[in-house]
Amino acid sequence: MSNLKDEVLSRRTFAIISHPDAGKTTLTEKLLLFGGAIRDAGTVKGKKTGKFATSDWMEIEKQRGISVTSSVMQFDYNGARVNILDTPGHQDFSEDTYRTLTAVDSAVMIIDSAKGIEEQTLKLFKVCRMRGIPIFTFMNKLDRQGRAPLELLAELEEVMGIESYPMNWPIGMGKEFLGIYDRFNNRIEQFRVEENDRFVSLNEDGEIDGDHTLKESGLYDQTLEEIMLLNEAGNEFSRERIANGELTPVFFGSALTNFGVQTFLESYLQFAPAPQPRQSTEGEIDPLSKDFSGFIFKIQANMNPAHRDRIAFLRICSGRFERGMNVNVPRIGKQIKLAQSTQFMADDRSTVNEAVSGDIIGIYDPGTYQIGDTLTTGKNQFQFERLPQFTPELFVRVTAKNVMKQKHFHKGIQQLVQEGAIQLFKTVKTDEYLLGAVGQLQFEVFEHRMKNEYNTEVLMERQGSKIARWVDGDEINENLSSARSLLVNDRYEKKVFLFENDFALRWFLDKNPDVKLYNPMDQE
Ligand code: G4P
């Protein structure tokens, strides 16, 4: 058996955060090609077949054949083992998407250089930020005319509040894209130039010695000027600040033409963190410790429509997983044998026999686990810190269609809420049930599972989007509740106001300066 420490230190586990269409699938595919995990382009792309209707969840599940197996992809490159976790976009966006970010050690943010920062990227970025996850930025689609690079950096720093360090800099773009000036490796990488001639090394002053066709273009001089500006006025490179998530290294490139991707991957592997320690009820758990532990961050139900089984996604936080091992589930005080486990690849699901800290495995779940559960071995009974609560944005009022089915209805809701599939709120005055989610798909999954697993049809009345703000403290005048600022209890009996819109929130704060409200996603 090889050395656990070396194996763990070779792991790089990350998620790609982006807005739909920025190029996540294309970049993932190129990375997998480098790692030899797939042979043909188009393997990952397969998941995007069909623009499905959100209402048809079964259809989504069918279409998902590939998307599910590509939830986690693994490949080896230059001695590193890379785990990429998918963060679904479009209609698939849900709390799971956020929770995936609790299972990574770093994130890669892809930005479409013509569009700049978009809504979904910003949402996911905020979660990374609140967890202090290091972020690496890839400015994509340089083969197309986009926004000026300095403008993109300024937006990144202003909107996201993170400092940036361009590792390389584009020389032109679109039809005039000549390549990238690689500050870090002190060379120029030319676009659409054969491998042997692609790299041009630079002298100590960061310029090309002697004659070169690149020098004939005015873009070369312009780039040198911009580089000078970055050297003088830009941020300093700091490995420590990258690790703390305060500084993002920025790479320019074009995923589609596979340009700048390898340079990005190699620098990423150099600076991205290996598995990090995690907080638990017994202090920090060292990823190199030999006792196995991990936590569940996602439960995928109905992977196989013929069965009601589920797969729980487990992030290994210490030690080594071995098939058939016994683990403790401290929440329920039971021991379980992990006989069936799965490792995920881009084009296949294969049985995993061994995995170490940093890896993600799928374990068979007969209905035992909840999201956030800790698994330990030996005498260890600690629990990892609770997964953060994510502020729901969409709400529905829910009732059982058949009043005779109240018992099933309550049991189903209770279990799905505990599992973390959806959030439950009760109106303070009338005790009505409201469900909260971050994406529409969560409601559809809820409806489907209530029917199939709890034999209950539900009626869901859309309440639209609301701004949820928790009340700081226990005292609150219930008469402050109104249609535009509805007061509800969360599942822990904490008071929450649901505001109709931003205006209603500001109006409320203005009228009630003594009431202190907070957004759990701004905390930590
Ligand atoms: P996503 O997973 O983030 O949603 O994006 P995806 O990789 O599917 O890319 C979205 C579109 O952008 C695709 O166009 C893809 O080919 C294109 N794209 C990705 N990277 C680059 C790049 O570096 N340069 C250029 N010019 N285009 C890029 P598509 O295949 O036409 O699909 P669609 O637009 O019909 O969805």
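Positions of Cβ are set from backbone N, Cα and C atoms, glycine also.
Note that the coordinates shown come from a computational prediction; the quantities given were computed from them, not determined experimentally.
Residues or ranges marked as domain 'Tr-type G' in TrEMBL: 9-276. For 18-25, 86-90, 140-143, the entry in TrEMBL reads GTP binding site.
Residues from the binding-site residues list (S18, D21, T87, L142) with a C-beta closer than 6 Å to any atom of ligand 1: S18, D21.
DSSP classifies K24 (GTP binding site) as helix under the three-state reduction. If you draw a 10 Å sphere around the CB of H90 (GTP binding site), it holds 14 other CB atoms from the protein chains shown.
All protein chains considered, the CB of K24 (GTP binding site) has 26 other CB atoms within 10 Å. Long-range C-beta contacts of D21 (GTP binding site), restricted to its own chain and to partners at least six residues apart, with a cutoff below 8 Å, comprise D112. When secondary structure is read from DSSP and collapsed to three states, T87 (GTP binding site) falls in the coil class. In the predicted model, residues of the domain 'Tr-type G' (9-276) average a pLDDT of 87.
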